[in-house]
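Chemist: Handing you a structure now.
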């Protein structure tokens, strides 16, 4: 049986354990695509307000991708810690590090590709609502749904590269771990972070404020837009990560 077959069987057999990592990755893809759909909308080039919006959304894409990277890294880190003992047992039973690394690499790529596809599908389904919201915030009429080929290509390229890089980093992480360390797992449990209604509210306010300022003289409010957008994105991903890790622990138990 090849690494790919083993990885695929692991994903199918442990689908509940993979749920949190998969869902968090899917959310990241969906949000990134939603911004890209608006950024590449053909109607925005026809007005000065639309061109201003494109500049702001392009900055937002950079911020979202950066936090997506941190968010997915945090999710995969928690996921790997939850599976340390499993990797340790495989090593003790005689599996070579090359085999374990190959299985983990293909598992990550399978989950990553599935998250890209699912996030893209959900993003396209929700893009009409996002365009309606953006149209209301910007005052730009007539933002109909369109086939966002550029947005889809950009999303696939960015997140395929992200998951490929994370898969390689995962292998490097496992190489530094001894079999006994993997078998023991986490000897020092960390305090579990908590969900915060206040932070969730601040997240929403930050996003709304960022959108509002973005379309009211962006030249003077650019730093405020960037600051509020960064705060909102950071809080969104941190609160979502807490929810995902809780879901992961419940699935594992």
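Just so you know, the numbers here start at 1 and follow the chain as drawn.
Just so it is clear, glycine is given a Cβ too, placed from its N, Cα and C backbone atoms.
From TrEMBL, for reference:
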| type | residues | note |
| --- | --- | --- |
| DOMAIN | 63-178 | domain 'ABC3 transporter permease C-terminal' |
| TRANSMEM | 20-42 | transmembrane segment |
| TRANSMEM | 62-82 | transmembrane segment |
| TRANSMEM | 103-131 | transmembrane segment |
| TRANSMEM | 151-174 | transmembrane segment |
| TRANSMEM | 195-215 | transmembrane segment |
| TRANSMEM | 221-248 | transmembrane segment |
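Relative to the rest of the structure, where do these features sit?
Modeler: If one looks beyond the transmembrane segment (103-131) by at least 6 residues along the same chain, the residues whose Cβ comes under 8 Å of a Cβ in the stretch are 3-4, 6-8, 10-11, 18, 21-22, 25-34, 37-38, 41, 76, 87, 143-145, 148, 152, 155-156, 159-160, 162-164, 166-168, 170-171, 174.
Beyond the ends of the transmembrane segment (151-174), by six or more residues, the same chain brings 25, 28-29, 32-33, 36-37, 39-40, 65, 68-69, 72-73, 76, 80, 87, 97, 100-101, 104-105, 108-109, 111-113, 115-116, 119-120, 123-124, 182 to within a C-beta distance below 8 angstroms of the stretch.
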